[in-house]
Amino acid sequence: MTIMRKTHPLMKMVNHAFIDLPAPSNISGWWNFGSLLGLCLIIQIASGLFLAMHYTPDTMTAFSSVTHICRDVNYGWLIRHMHANGASLFFICLYLHIGRGMYYGSYSYMETWNIGIILLFLTMATAFMGYVLPWGQMSFWGATVITNLLSAIPYIGTDLVEWIWGGFSVDKATLNRFFAFHFILPFIIAAMAMVHLLFLHETGSNNPLGIPSDCDKIPFHPYYTTKDFLGIVLLLAFFFTLVLFFPDLLGDPDNYSPANPLNTPPHIKPEWYFLFAYAILRSIPNKLGGVIALVLSILVLALLPHIQTAKQRSLMFRPISQFLFWLLVSDVFVLTWIGGQPVEPPFIIIGQIASLLYFTIILAFMPIAGLIENKMLKW
């Protein structure tokens, strides 16, 4: 078998990626989230495939087909709740993975980082379209509000929105195409994840110290396969606790009402994992300005390699930058809370301050802190 895995064309690829891969000896549990995201993607594709066998993308029957899955299909309730909560789990792992990349300076690997940002956009698009499919109240109104944002684009906006809708409102054509895109995008995400991994293995992994680790590498198997397996066990324990005991904890009760174009819910909001970006969108009174801020809230990550001023890569020995990083994390939590609140005082001003702080920390405070720390270390 040793000879086989090193010589067979297919086995050789797996061997170089997961078995004989030289890995830094000191990477911590924060490096587990890449493999956990792979597991989340497998769970989502598998559960989604079984749901697609019973789901009908039609405005008249979509809601009842989801009800049918939960009531009549063998273990349909389990598959449905695994898929819905799997999305939440996916985003928890995704945000932790990005946070680790920011903390330890992994954004220095620019190709890997930029493909990661593309993966984030693709995952957000997939999750948004998936939320529309059950055709509940929040599905319908969420789709209407979010797609309508594109009308803020000058000149082509209105035509673009109607083109995406396939008519003059969110209707059967919209649902049909959203289902088609929701089905194909995870496979594109899987392909992009392989490219992400390819570029990562060109440079090798970063480590908590942020220093070159060429002099001290260990084989990926058995050390990190065992470590990843522990992460997988803990993740699945958390996941099935959520699915079996609290399946509706992260959902919206409004989505248990069938979509009604004549009745607007009192408060339209997306799923919890988009609330921070939604709060940034709402904090700007101008429609186009809000859309630009929404896109920039994610795209600002692409600027990180270009605005790095510190001579040290990791934040491990940089106390000022550490403080700012955790301030940013707290700010994202505040934005997530604000995104779920109605648009009224004092939430409006809190949202505006938190949005301003979000961009200021990343674009101004972090680079300035890097320069100060260089001076402190006499670099």
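Glycine is no exception: its Cβ is also placed from the backbone N, Cα and C atoms.
The heme b b562 binding site feature in Swiss-Prot is assigned to His83, His182. What Swiss-Prot records for His97, His196 is heme b b566 binding site. As annotated by Swiss-Prot, ubiquinone binding site applies to His201, with the evidence given as similarity to another entry. The transmembrane segment annotation in Swiss-Prot covers 33-53, 77-98, 113-133, 178-198, 226-246, 288-308, 320-340, 347-367 and is backed by similarity to another entry.
Between the transmembrane segment (226-246) and the listed ranges 33-53, 178-198, 288-308, 320-340, 347-367, the one holding the most Cβ pairs under 8 Å is 33-53. Taken residue by residue with DSSP, His83 (heme b b562 binding site) is part of a helix.
Listed in sequence order, Gly48, Thr126, Met129, Gly130, Leu133 are the same-chain residues six or more apart from His182 (heme b b562 binding site) with CB atoms under 8 A from its CB.
Highlighted: of the candidate stretches 113-133, 178-198, 320-340, 113-133 has the greatest count of Cβ pairs under 8 Å to the transmembrane segment (288-308). Cβ atoms under 8 Å from those of the transmembrane segment (178-198) belong to residues 17, 34, 37-38, 41, 44-45, 48, 52, 55, 57, 112, 115-116, 118-119, 122-123, 125-126, 129-130, 132-133, 143 of the same chain, restricted to positions at least 6 beyond its ends. Of the listed binding-site residues, namely His83, His97, His196, His201, the sparsest CB environment within 10 A is found at His201. Reported as a whole number, the C-alpha separation between His83 (heme b b562 binding site) and His196 (heme b b566 binding site) equals 24 Å.
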